[in-house]
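Report on the structure given below.
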Amino acid sequence: MLAGTRDGFRKGVRVNFSSLLIAGPTASGKSGLALKLAETLNGAIVNADSMQVYKDLRVLTARPTVDEEKRAPHLLYGHVDAGRAYSVAQWLADAQSAIADVAAMGRLPIFVGGTGLYFKALTEGLSEIPPIDEAIRAHWRGEAQNLGREQLHQLLAERDPEMAERLEPADTQRIVRALEVIDATGRSLAEWQKARTAPLVAPESAIRIVLAPDRAWLHERINRRFAEMVQQGAVEEAVTLTARGLDASLPAMKAIGLRELASADSGEISLEEATERAKTETRRYAKRQETFLRGQLKDWRRVDPLDIDIKGLSRELTKA
């Protein structure tokens with residue numbers, strides 16, 4: 001576990017934090033900020049985005065470019081084949097190895113990404129819940145589609161009052177997860193969460209930042225970025241991955257834009273329509289991320305990307 005101070009990441013500087021964690025919704029500028037800070041503070045960037053782990057999805061997931069990867073060490077990017085289902089537990093194990101690798105480099109670990117569950121596991125540990133049978137998962141996914149939010153939340157209140165108390169009716173994904181767990185194990189998710197592994201990064205020893213951009217600004221960036229993805233080869237990437245014939249339930253096959261662009265290539269829809277659909281879905285995804293980050297990372301420092309001064313932030317961090 002990382003704790004206490006970290007020496008030597010910048011000559012002549014001592015800081016009172018072990019690592020830097022940067023979370024935020026998609027297209028909020030996380031990767032660019034992390035790279036600039038890595039260059040300034042002699043850091044190494046560790047991916048905390050569940051889609052950027054897949055080697056088949058460099059363009060569609062906006063992974064750092066080859067040139068950007070040359071400017072600072074990047075770990076846990078593109079190291080997983082799209083044919084694998086990659087869990088939070090697997091990422092946490094890889095993150096532990098990455099922390100050791102960064103320490104061996106004498107650099108500051110900078111975790112960056114939009115997957116809130118990764119950051120929760122990193123700083124709070126992980127509940128060792130047994131694997132849930134796919135039939136049970138399929139049942140509750142179906143219930144989520146058939147029932148309204150209020151009905152689903154009421155069902156959870158009957159089965160698991162403690163988790164229902166914690167979760168808002170709009171948090172469908174986590175409600176479904178809670179129902180799966182109590183159905184499969186007979187124990188509340190709350191009980192499992194109390195028996196966690198030790199965190200890899202002690203929260204009090206890390207600088208924790210959540211980028212909280214203006215909604216209109218973020219939407220404009222999302223729209224512009226997806227148009228750039230198409231220019232950079234997103235269609236070809238989507239076609240290549242789709243041609244592998246992988247199970248549609250695999251996480252990589254749910255990448256935003258994959259299905260839409262493959263459909264455009266096959267002539268089912270126009271490229272313009274595919275692009276607009278993907279932009280819309282990305283905006284919805286960003287909203288879900290913001291909801292999670294606001295609700296689950298409450299004690300993190302929230303920063304508007306437009307208010308960030310790299311030199312000033314770097315000076316602040318070296319004094320932290």
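Note: Cβ is positioned from N, Cα and C throughout, glycine not excepted.
What TrEMBL records for Gly24, Pro25, Thr26, Ala27, Ser28, Gly29, Lys30, Ser31 is ATP binding site. Counting only same-chain residues at least 6 apart in sequence, those with a Cβ under 8 Å from the Cβ of Gly24 (ATP binding site) are Lys30, Gly114, Val210, Leu211, Ala212, Pro213, Gln289, Leu293, Pro305.
Classification of Ser28 (ATP binding site) by DSSP places it in coil, neither helical nor stranded. Every protein chain shown contributes to the tally, and the Cβ of Ser28 (ATP binding site) ends up with 26 other Cβ atoms within 10 Å. Feature annotation from TrEMBL assigns substrate binding site to Thr26, Ala27, Ser28, Gly29, Lys30, Ser31.
Per TrEMBL, the feature region 'Interaction with substrate tRNA' maps to 49-52 (among others). Within the same chain, residues 61-63, 77-78, 86, 91, 112-115, 117-118, 251-252, 255 sit at least 6 positions outside the region 'Interaction with substrate tRNA' (49-52) and bring their C-beta atoms closer than 8 Å to a C-beta of that stretch.
Positions annotated as site 'Interaction with substrate tRNA' by TrEMBL: Thr115 (among others). When secondary structure is read from DSSP and collapsed to three states, Thr115 (site 'Interaction with substrate tRNA') falls in the coil class.
The DSSP secondary structure for Arg137 (site 'Interaction with substrate tRNA') is helix. Taking Cβ-Cβ distances under 8 Å and a sequence separation of 6 or more, the neighbours of Arg137 (site 'Interaction with substrate tRNA') in its chain are Glu180. Residues or ranges marked as site 'Interaction with substrate tRNA' in TrEMBL: Arg137 (among others).
Taken together, the residues in the region 'Interaction with substrate tRNA' (173-177) have a mean pLDDT of 93 on the 0 to 100 scale. Annotation source TrEMBL lists region 'Interaction with substrate tRNA' at 173-177 (among others).
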Apart from its near flanks, which chain residues at least 6 from the ends of the region 'Interaction with substrate tRNA' (173-177) lie with a Cβ under 8 angstroms of it? 140-141, 143-144, 152-153, 156, 163, 167, 189, 288
Out of the binding-site residues listed (Ala27, Ser28, Gly29, Ser31), which are within 10 Å of Thr115 (site 'Interaction with substrate tRNA'), Cα to Cα? none
Cβ within 8 Å of the ATP site centroid (Gly24, Pro25, Thr26, Ala27, Ser28, Gly29, Lys30, Ser31 excluded): which residues? Gly114, Leu211, Pro213, Leu218, Pro305
List the residues of the same chain that sit at least 6 positions away from Pro25 (ATP binding site) in sequence and have their Cβ under 8 Å from its Cβ, in sequence order, or write 'none'. Gly114, Leu211, Pro213, Leu218, Ala286, Lys287, Gln289, Glu290, Leu293
Spatial neighbours, same chain, of Ser31 (ATP binding site) - Cβ under 8 Å, 6+ residues apart: Ile45, Ala62, Pro64, Glu68, Val112
